[in-house]
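Report on the following structure.
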Amino acid sequence: MADNNSTTAAELAAIGEALKTIQHTAHAEKQKTHLVYLRRLLERLSNARSLVVAEGYLFELERRGYLQAGAFVPEVVLEHPQLVKTLHEEFVHAGSDVVLAFTYYAHREKLRVVGKEDMLERINRKALSIAGEVARATGALFAGNICNSTVYARDDEEAKATARSMFKEQVEWAVEAGVDYILAETFDEVGEALLALQVIKQFGKGTPAVVTLVPGARAVTFDGVPYPEACLMLEEAGAAVVGLNCGRGPETMLPLIAEVRKVCKGPVACLPVPYRTSDQSKTMQSLVNPRTGEKSFPVDLPAHLVGRSEVLEFGLQCKRLGVEYVGLCCGNCSHYTRTLAESYGRQPPASRFSPDMSQHYMYGDKTRFKKYNTEDLVAAKH
């Protein structure tokens, strides 16, 4: 006689079917969530045919004296949150379509190096809170941010597991904050970029991923994959947008992006640093101070900054290439973002104050100003 407490084969089968239904429903809900988020990101790309994205928080807040070059840990998020909020607002005012949470290098390894691992969750949640507040107030997209782990090594399984764990915790905090998408950026190796994308897909609850690699001096990633091929790998693995950020300036990044554009079918991202890199010095790390002959990175990089006319030309070239996700990385500031937005045909609020030299007392309209200034004083200045 069967035990009344035992489970019959029929009951087991019923339980199995119920579990399948639950799993199917959960999968369907996850897919539905993914489509909602993806639709919001792609709708913004489609409606404007582009997204202008201001990056560069790390260098800008170091320049202002609230972040240390070297460690580059964004402690300013907790120590001076109002400054971070103001910079978000500045970038949106200048034309950024996205508010990017300042969690770059706010990961476990960077905080461990400076002995402040205990603030890991607080700094991430605070950065997300600040960015989310500004995004909601301005109608901009709200993006989470993960980046190069600084521990990943392609032949070290333990290091890869550590990097995966670091990505997971930041992705989960970003999802809880309600981000529209997650930017995974500045990866030297496509292997680490794919790992980050995998984590976003597994733990992001449908949140789309924008994934960008940082180009070095060679035409291949640190793990030996040509950049167009690497970007295609990321696109085929499920990234909503792929491309390059940081490392190179406009002159040396654009040729790579032109090749990426040829092979990738979806939206392409291009976010160089605003420095005058060249065939002789392809990356900002290889730039040399012309006066001292010493390496410029990081404190003498301002000696190599591009002018706004160069940012304008960069934007126009990106537009011609069909780059949909455009911005500037380390070294960016608000007037560069405004110029870039204007190159894409935008007129952000900051365009009210775009230069108009016709009103200058020396170099302006000669019918409005005295010859004493427009000719005599000009001659003395030259």
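Please read every residue number as a count from 1 along the shown chain.
Each residue, glycine too, has its Cβ placed from N, Cα and C.
Curation plays no part in TrEMBL annotations; they are all automatic predictions.
Remark: Cys330 (Zn(2+) binding site) has Glu55, Gly56, Leu58, Phe59, Cys246, Val273, Met284 as non-local neighbours, by Cβ distance under 8 Å and separation of at least 6 in sequence. Look at Cys330 (Zn(2+) binding site): DSSP puts it in coil. The Zn(2+) binding site annotation in TrEMBL covers Cys246, Cys329, Cys330.
Sequence annotations record features per position, and here TrEMBL assigns domain 'Hcy-binding' to 39-344. This prediction places the mean pLDDT of the domain 'Hcy-binding' (39-344) at 98.
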Would you list, in sequence order, the residues of this chain other than Cys246, Cys329, Cys330 that have their CB within 8 A of the centroid of the site's CB atoms, where the site is the one recorded for Zn(2+)?
Glu55, Gly56, Phe59, Thr186, Val214, Asn245, Gly247, Leu271, Pro272, Val273, Met284, Leu328, Gly331, Asn332
